[in-house]
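Colleague: Encoded as structure tokens, here's the structure I'll be asking about.
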Amino acid sequence: MPTISVGRDRLFAALGESYTQEKFEELCFSFGIELDDVTTEKAIIRKEKHIDEEADDDEEIIYKIEIPANRPDLLCLEGLAQSLRVFIEKQEIPTYTLADISKDKILQMNVKPETSKIRPFVVCAVLRGVTFDEARYNSFIDLQDKLHQNICRRRSLVAIGTHDLDTLQGPFTYEALPPTDINFVPLKQTKSFRADELIEFYKSDMKLKKFLHIIENSPVFPVLYDSKRTVLSLPPIINGAHSAITLQTKNVFIECTATDLTKAKIVLNTMVTTFSEFCARKFEIEPVEVTYDDGKSYIYPDLAVYDMEVPLSFITDSIGVSLKVEQVTSLLTRMQLQAEQAKSSDNQCAIKVHVPPSRSDVLHPCDVMEDVAIAYGFNNIPTRKPASIKPLTLNELTDLLRIEIAMCVYTEVVTWLLCSHKENFAMLNREDVNSAVIVGNPRSADFEAMRRALMPGLLKTVGHNNKYPKPIKIFEISDVVMLDESKDVGASNRRHLAALYCGATSGFELIHGLVDRIMEVMAIPFLTIHENNVPINEKDGYYVKLSQEPEFLPGRQASIIVRGKHIGNFGIVHPEVLNNFDIPDPCSYLELDIEAIL
């Protein structure tokens, strides 16, 4: 989840109240966020530069607060403070309005058809009469960075541009041109660059080079102009220096270019609802008309409040508490959601919720129910056992088998689901036939593939515990991962049971006895084999027959057949395999697929 850094004193001033750290942690928890760390700005710098130096008493305290990923409206101090003020009932829910502007005076953004080749959408808005101080200005910039990193997916979906409107002249145009046709002075630079030159220039920039791939291979680059052909920005890379906002900026023009229109609307709404509080007319935003080449035009931002009806029973039953309509509406008000009792045609009591443009996370009755639970307090919800609780058959069988094998004096181990490619195949004398699920970008060679069997983990466990007295008897019941084209993700989990005996002798008879015991407790009878190796009533029980698996010693291994289906193998582990895992003593091993028995 994203984390924001806010000055403690500024936050408390915005809340209109000071808190001890313990009390503030309680407030955060009750609101559904978390105080992650308490530090200072200088301490952060010292940590980054690895400097050992004592902290000064006058250093500003910084709170690092973890924010839910679905709440972009909380990604800056201003948005967080506003939400907390409403939560502690020190402020009413803001009402956002569009400025009343005549058709002939509204700012225009004209979109050229070429933009469809690279970044087809743009949404805009204006904040009039904004008052910036240094802290608020920095927060305004930080909010853009946080949005870029999260909902904008590192600018690939949406790129935000903010400009001093007084330095520009409308109407504006959004175009897509060859990079050689675009020239402008970028932000924090003094000379003009051609767009293709700018791409090369920023390849050495630690911050901007990670965004270049979004457009650098495109034949056209997106660019925004005003009526005097002054470049506003080259999204998603950099804004122009001409329209850079400063502490003296009063009128801010915000444009968001995007490949995802829905995300662009959310980002724009987050920006304007958070900082319209500091406009000359509080919570009023000036709209911009965006006109496309097909003649269709749209007014942005879309500040419409949409309504949602949620049955009261859904809320109370899901949470597990009994609440009246008045209590629910009061709790929702604390979460910035206006609510009232709905007029229902049937006898069912429902809550009508008015979702403001700042709450893009409220999409379903579940979201409303969650907000009621947060405001009510999770710690206040009585614990109870769900009436419908029932373990899955597979998990219930797994637990019973764990107990039974433990009573056979085997110790349970839990090993990694990931292993090296070599452990999956070569170290088990198996050939690689592209049958393993591979990790795309492994951090370590030890974790580059999903295990296809439990054998590597158990052998590694014994190999690392050779110094302990023998015999070693261990088992594991866990999942392995197989390629599976029938699944939408291309793979599926299978629950396997494995046991290993390591001692002075191979212990083959002990592993064979464990197989028989497992089948006995599962009420699967052993089948009598005829002279022609055909069992009687094959579908009613189990039998074993000679197998030829490379990880086992030839002639000292067997397949387990249950109800006519092969479910696993057991035998004496091949000396080469033991040597690969640095095991000097003989071992016998069993592995079977539990799910195949069900």
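For all residues, glycine too, the Cβ spot is worked out from N, Cα and C.
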Colleague: Of ASP361, ASP399, which one shares the Mg(2+) site with ASP367, GLU370, ASP371 in Swiss-Prot?
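Modeller: So, going by the record in Swiss-Prot, that would be ASP361.
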Colleague: Mind looking up the mean pLDDT for the domain 'B5' (303-383) in the predicted model?
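Modeller: So the average pLDDT across the domain 'B5' (303-383) works out to 91.
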Colleague: Please work out the helix, strand and coil residue numbers for the domain 'B5' (303-383) from the DSSP assignment.
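Modeller: Computed counts for the domain 'B5' (303-383) are 33 helix, 16 strand, 32 coil.
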Colleague: Sort out for me which one of ASP367, GLU370, ASP371 has the most neighbouring CB atoms within 10 A, since those are the binding-site residues we care about.
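Modeller: Checking each of ASP367, GLU370, ASP371, the winner is ASP371.
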Colleague: May I ask which residues of the same chain, at least 6 positions away in sequence, place their Cβ under 8 angstroms from the Cβ of ASP361 (Mg(2+) binding site)?
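Modeller: Set apart from ASP361 (Mg(2+) binding site) by at least 6 residues yet with Cβ under 8 Å, we have PRO68, ASN70, ARG71, ASP367.
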